[in-house]
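Okay, so here's the structure we're looking at.
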């Protein structure tokens, strides 16, 4: 599959980071590109027991053979960008990364407006990263672009051209989405959403490829969906129930405790349809069934875990190709060859 997109099927925090890291190392794509909103979404991955979190750069950074790209649709915060270059120095990221020269820039004034808005802070639950105000300025054609920032000059490129050239040459391209379907400005739980669309079609547009150039769309769901901030959550459980089940989590960017719910099959089916899913990935199966922890062979899954996967496939109507059974990169069941 020359190109594939990975997107979240719920409200973000589905575990896309660890899945993308696995795909980056397993499949060895020549290009790993990030779409999405900007620095309001964090992806975490564990490598040899150490946690790495990124908000700006592609999560597949550990694949040292890959070119890392940030698409034109993504907002760039220069401070975050350079911090991550330093944080990931051991992976030689600075020599492999390219930012599209058309990316809009998050400035300090955008973060100030974001944090000063009682509506965004109290009602919507903004992360305060400045993405909403920056996108508003972009729509009004007032935002600066990456090409206007001198410090970014060494990293500027035409991401769309690079990716399309790579596809013409038969190279493998992995494209990362951020956040999740339920936070889409168009299809999510408006107004409790992010500042742009988050579906696979939007992510393709972010990096500059047309729909006919996308070969596969992997939509990621976790066994117990979570949500940070305000907004409807039909299957939400009480905080006490989440604690009893050992499902206490905190947001990568905000540090706020995540709300937790039961798996919503109807929502998952709708999300998969609108994203054009060709395959599903299920993460944190070990939270649903502790006996699944670390299992790497589907046939060795406990009965409860296997029945859950089968129910998802039946009710959502899309095959489950990848299953994460723990936080480490090797905690995965890869069924893609059997589909």
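Glycine is no exception: its Cβ is also placed from the backbone N, Cα and C atoms.
Per Swiss-Prot, the feature active site, proton acceptor maps to 13; the stated evidence is sequence analysis.
In the three-state DSSP assignment, the secondary structure recorded for residue 43 (active site, proton donor) is strand. What Swiss-Prot lists as active site, proton donor is 43, and the listing cites sequence analysis.
Per Swiss-Prot, the feature GTP binding site maps to 12-18, 42-44, 258, 284-286, 324-326.
Sequence annotations record features per position, and here Swiss-Prot assigns IMP binding site to 13, 14, 15, 16, 40, 41, 42, 43, 127, 141, 179, 194, 256 based on sequence analysis. The Cβ of residue 13 (active site, proton acceptor) has 26 other Cβ atoms within 10 Å, all protein chains considered.
According to Swiss-Prot, the Mg(2+) binding site annotation covers 13, 42, on the basis of sequence analysis.
Counting Cβ atoms from all protein chains shown, residue 257 (substrate binding site) has 14 others lying within 10 Å of its own Cβ. Annotation comment: Swiss-Prot describes 252, 253, 254, 255, 256, 257, 258 as substrate binding site, evidence class sequence analysis.
Of the residues the record lists as binding IMP, namely 13, 14, 15, 16, 40, 41, 42, 43, 127, 141, 179, 194, 256, the two whose Cα atoms sit farthest apart are 34 Å from each other.
Cβ neighbour count for residue 258 (substrate binding site): 21 (other Cβ atoms within 10 Å of its Cβ, all protein chains included).
Packing around residue 179 (IMP binding site) is summarised by its Cβ count: 24 other Cβ atoms lie within 10 angstroms of its Cβ, all protein chains included. With respect to residue 127 (IMP binding site), the closest of these binding-site residues in Cα terms is 12, chosen from 12, 285, 325.
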